[in-house]
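Per TrEMBL, domain 'L-asparaginase N-terminal' is recorded for 13-166. Positions annotated as active site, O-isoaspartyl threonine intermediate by TrEMBL: Thr21. Taken from TrEMBL, the feature substrate binding site covers Ser62, Thr91, Asp92.
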Amino acid sequence: MSALPADDAAPDLLVLTTGGTIDKFYSTAGELEIREPTVGPILEQAATNLRIAVRGVLAVDSLDMTAEHRRTLTEAVAAAETARIVITHGTDTMTETAEHLLADPEAVAGKTVVLTGAMQPSCMRITDAPFNVGSAVTAAQLLDPGVYLAMSGRVFPAGTVAKDRARGVFVDR
Ligand code: GLU
């Protein structure tokens, strides 16, 4: 995102993107494909003066996320220059990735990491993407260090949450 000033100061918040439905588009051939991260335009519409950096780490459907992908993401969290991090992620295995991060205390030490995503692509007229990104950005500024999910209008600590697939809602586990 271009909201950062030219100096080298760390951003207030870092968004790491990994793909998932939030970044899916219908191609002209009618295929759903993952394109550029949409979190930048969502944040621009929100007109915040927070200094937010957006970094693309992966671009995968979360059902295709491998151990190697999760290692790459964990390394990006560990290397982050700010303690406040939002991760956009496919909803199908978001809880799994959150638990994976939780299991690496060194990588997340002193950091507030909030995962979010969307059930409907950001490019759709009816989508939960802006709501969820807004929830995650706010949660990341308010919560103590730890790993969390911001979905369905709630914030859950990692390890306490499941996706209710039938209803498309994240619930207490
Ligand atoms: N299978 C997709 C994923 O987890 C769809 C779920 C979603 O992102 O909402 O990336």
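Including glycine, each Cβ sits where the backbone N, Cα and C put it.
Other residues of the same chain near the substrate site, with their Cβ within 8 Å of the Cβ centroid of Ser62, Thr91, Asp92, are Gly20, Thr21, Asp61, Leu63, His89, Gly90, Thr93, Met94, Gly117, Lys163. The Cβ neighbour count for the residue listed as 'active site, O-isoaspartyl threonine intermediate', using a 10 Å radius and every protein chain shown, is 24.
According to DSSP, Thr21 (active site, O-isoaspartyl threonine intermediate) sits within a helical segment. Listed in sequence order, Thr18, Gly19, Gly20, His89, Gly90, Thr91, Asp92, Thr93, Met94, Thr97, Gly117 are the same-chain residues six or more apart from Ser62 (substrate binding site) with CB atoms under 8 A from its CB. Local packing around the Cβ, expressed as the count of other Cβ atoms within 10 angstroms, is greatest for Thr91 among the binding-site residues Thr91, Asp92.
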